[in-house]
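Only one structure is covered here, and it is reproduced in the block below.
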Amino acid sequence: MAKENVCIVYGGKSAEHDVSILTAQNVLNAIDKEQYQIDIIYITNDGAWKKKENIVDTINDIDSLRLIDVEAGEISKLLSQGSTGNAYSAVFPLLHGPNGEDGTIQGLFEVLDIPYVGNGVLAASSSMDKLVMKQLFAHRGLPQLPYVSFLRSEYHKYEGNILKLVHDKLEYPVFVKPANLGSSVGISKCNNEEELKNGIEEAFQFDRKLVIEQGIEAREIEVAVLGNDYPETTWPGEVIKEVAFYDYKAKYKDGKIKLDIPADLDEEVQMTLRNMAVEAFKATDCAGLLRADFFVTDDNQIFINETNAMPGFTAFSMYPSLWENMGVSYSDLIKKLIELAKEKHEDKKQNKYKID
């Protein structure tokens, strides 16, 4: 049986560039190379596209994925066919943050009519933008913590009024977040006005829009979702932190987190979380995969925090670990995602693009 052509795309013009490379290393070492002919495309921090074909060896040196000695190519040509000369069965974008997880590259794949793993333009973009995401959750009736959002230009013009709004609506501690970044990049926990001002300036280095959320004493619970029109969910897992704030450094550099899978919760609470994860999946019209993040208080109040349309696949990542607990191996999970991409593309072919 001939191998299917699959292309892994990673890197990207994003502050989460290095996380994407780490994710790509994990996926490349787990994907079934007996079933798939693997090509890779690395997008540099400057936006250049570099391609290497027929990856068969284990990737031990992560820096080799930066393809330093490879010349940049023309995007449409790089994506037009695989190393076997056939079109790709699917492209797997392992891109985190802006210019990759936000609907931009999904739009490119749509225009080129290439099957791709994961969410479409709408779901990717709305899951990336924390404010839009919150508005969609509110429309779906999902419970959330209070928040305030504003633009960089508004803050520079009306700083006093905005700080007053934050103090009127929220209580310390609060979390300041860039609206369009993940992996906890640019996020600050603030306990007073001085920290708030510093956190706002930090967040505005990464985005023109930010969200300030009410802090809460609660457990951080996550649910993985997999599927297209009829998604399945996992039992919830819990993020156990050795630090007060689960930031980028704690996540990816210090390893100061532990995953408790399944989470120690009442079954009724677990089922509520799973149902809410499906509601979040549908609220943003997702396809393929999603990770839904929640807060659960000691008295079992549940608040949805956010969703991640392209969860990490690193050795520390919750998403593949949750599915492994459900009996789905890492390699099989990748296979399922590729099959879902093909299914989504076949479904799209039923659409008419002209009027008879």
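Using N, Cα and C of the backbone, Cβ positions are placed for all residues, glycine too.
So that you can see what the record holds, here are the features copied from Swiss-Prot:
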{"type": "DOMAIN", "residues": "134-339", "note": "domain 'ATP-grasp'"}
{"type": "BINDING", "residues": "167-222", "note": "ATP binding site"}
{"type": "BINDING", "residues": "D293, E306", "note": "Mg(2+) 1 binding site"}
{"type": "BINDING", "residues": "E306, N308", "note": "Mg(2+) 2 binding site"}
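Among the binding-site residues V174, L181, S188, E195, K209, the residue whose Cα lies closest in space to that of E306 (Mg(2+) 1 binding site) is L181. If you compare Cα positions, D293 (Mg(2+) 1 binding site) sits closest to L181 out of the binding-site residues V174, L181, S188, E195. Sparsest Cβ environment among the binding-site residues H167, K209 (other Cβ atoms counted within 10 Å): H167. All chains included, 25 other C-beta atoms sit within 10 angstroms of the C-beta of V174 (ATP binding site). Rounded to a whole number, the C-alpha distance linking L181 (ATP binding site) with N308 (Mg(2+) 2 binding site) is 10 angstrom. E195 (ATP binding site) is surrounded by 16 other CB atoms, counting those within 10 A of its CB over all protein chains shown.
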